[in-house]
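K.L.:
Encoded as structure tokens, here's the structure I'll be asking about.
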Amino acid sequence: MLNPIVRKFQYGQHTITLETGVIARQANAAVMASMDETAVFVTVVGQKKIHTGQKFFPLTVNYQERTYAAGRIPGGFFRREGRPSENEILTARLIDRPLRPLFPKKFLNEIQIIATVVSVNPQINPDIISIIGASAALSLSGIPFYGPVGAARVGYINNQYILNPISDDMKNSSLDLVVSGTQNAILMVEAESKILSEEKILGAIIFGHQQQQVVINNIRSLSNEASKLPWVISYPETNKTLELKIINSFEKNISDAYVIFNKQDRIEKLNSIKENIIKLFLDENSNIDTLEIEDIFQKIEKKVVRKRILSNQTRIDGREKDMIRALDVRTGILPRTHGSALFTRGETQSLVSVTLGTSRDAQNLDELLGDRIDNFLFHYNFPPYSVGEIGMVGSPKRREIGHGRLAKRSLLAVMPTLENFPYTIRVVSEITESNGSSSMASVCGASLALMDAGVPIKSAVAGISMGLVKEGNQHVLLSDILGDEDHLGDMDFKVAGTEEGITALQMDMKIEGITNEIIHSALNEARLARLHILNVMNQALNESRSEISEFAPRIHIIKINPEKIKDVIGKGGSVIRMLTEETGTIIEIEDDGTVKISSTVKEKAKNAIRRIKEITAEIEVGRIYSGKVTRIVDFGAFVSIGLGKEGLVHISQISDKRVDKVSNHLKIDQIISVKVLEIDRQGRLRLSIKEIDSSILSNKSINNSII
């Protein structure tokens, strides 16, 4: 019999329901988690056997949105969901980040979490309930897990923090912050803001963490009633004799290697030491486990680096704890791009380009919460050569998508509106060197490249990555961390913003016990570092260029009467197609009569504008127009006096004298001047040649007429 076990509770303005025991009973745990009408079904499956040679914790999180959740059928030929969208990948990462640090350090069993959106209210984003559902499922599974965690979205509207605001409210919010943590510790923060102060961001983090305690308590209550027996895990004992031998013989060598400032030289030296250790002990005992030697080696590396930092010695590359690496800033280095910059910070380097396009280049996004158009694209590429390695080159991986999204969010607060700058903007960051915080280098490079492209951003944006080493009550904050400091430290805290405040933030903790005071200090240290970087950037380029690149399309905007749109488009698009081909421009028309003409050549755009104005001009009775004969019939001739406007010159209106045959007086494609006699109720034009003054009808006048 199916035996549902349910917890239902109020969470801010929403009702949360967690149900287990009915669906997917062969998984280690399964939870149907819902926030009002948005429901996510989360399963957890773990392997009790560790794969041979496993060196890292193989946790996989899959987040998938089913279109039936919104009552829709997928598009495309196959009419079914395909590869994960960018939003699905980003949400999977959001679920993963607060959960990963809560597994035991030596736990190497494969775990898969699958979160499937099965019902969605467009006003309630599924990401928060997905984290809650995953936390609940892990807590029920019996898998070793130091949870549960809660999650909350915090908005900031009218100087007040709002818990889990609905989508409509988020449009008026100056903050979109997601925070997740355990009862006592904050583990993950992801935020985008409209230039808020450090104090307001910290207040939002604390508010969100306090509010989510009700979630944690209810998951614990559910776990007490429905959790499975905990796994019995035996971790292999470390060979203490081997560890002591390696420490006594090689710790000093490893310590000396970590005073080599150059990353590649340091890696080469460390690899050489490791190879010597493995060779030495294999010669003594051919059956020795080399993986164990590597584990001991990594443990010594971590101990050496952390001990040096905590004892206030210089860091790996010789810097003090709050020192920023040497900066080199260059703009306009790619001659044919619309904007470019090269931002170098120590051994981390980003080559950024900006391309301007029309609204046709915008990305149409078919998302579960509704369709939307994105006019600002940010793509981050991390090729293997950036870290001196050989690797696969292809479609972007999850990490690249996540870093690109963070960099994009860092810039959104300063981007111009479409009304002020009607371009689609694509930014591409090529990471050409990497040794820590390449995403924040991308933010700095993108800010410079946008200004180089003439994009009128409100102010420059810079980013910095902060680190932390904590042992007991002692802790040291590090500014502008290296890759090794990220790997061997306890926190990765990325902060981006302007001189006035923060635009984006991403924080990932690897340990519990990070206090609010430490977060506050990290925010303040990040502000000082950000101001230093902005000062260097402003020396290279302190405002957007007044003109866009000569190679970028110029967009000219005119307004026409909406009733005239059909005249510009023509039957089956014939007129606008002809205009586009003949003028060499791109013409876009909106329903309100806004016409955008884009071209890299100013004269071509002017020509297109002139011809559109001719088409949309109001025909006045009694006015004389230049026209072209388009058809000759027995009873007269049809004359075009502008694209889409054709009138009849009756045979009686050709001349004062009797006209026996129209073709004796007029020829096809002949340019003539005509006078508008009448516009009937159906908009048809009655034209005349004979009514025009004889001076205008001179051959010279006719031959010089242009339409």
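Glycine too: its Cβ is placed from the backbone N, Cα and C atoms.
Swiss-Prot lists Asp486, Asp492 with the feature Mg(2+) binding site. Summarising the annotation, Swiss-Prot assigns domain 'KH' to 553-612 and lists sequence analysis as the type of evidence. Swiss-Prot lists 622-690 with the feature domain 'S1 motif'.
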K.L.:
Taking the Cβ of Asp492 (Mg(2+) binding site) as reference, which residues of that chain separated by at least 6 in sequence fall under 8 Å from it?
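P.N.:
Expected: Ser465, Gly467, Ile481, Asp486, Gln506, Met507, Asp508.
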K.L.:
Do you know the DSSP helix, strand and coil residue counts for the domain 'KH' (553-612)?
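P.N.:
Split by secondary structure, the domain 'KH' (553-612) comes out as 32 helix, 16 strand, 12 coil.
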K.L.:
Translate the DSSP assignment of Asp486 (Mg(2+) binding site) into the three-state scheme.
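P.N.:
Where Asp486 (Mg(2+) binding site) sits, the three-state DSSP reduction gives helix.
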K.L.:
Using DSSP, how many residues in the domain 'S1 motif' (622-690) fall into helix, strand and coil?
P.N.:
6 helix, 33 strand, 30 coil
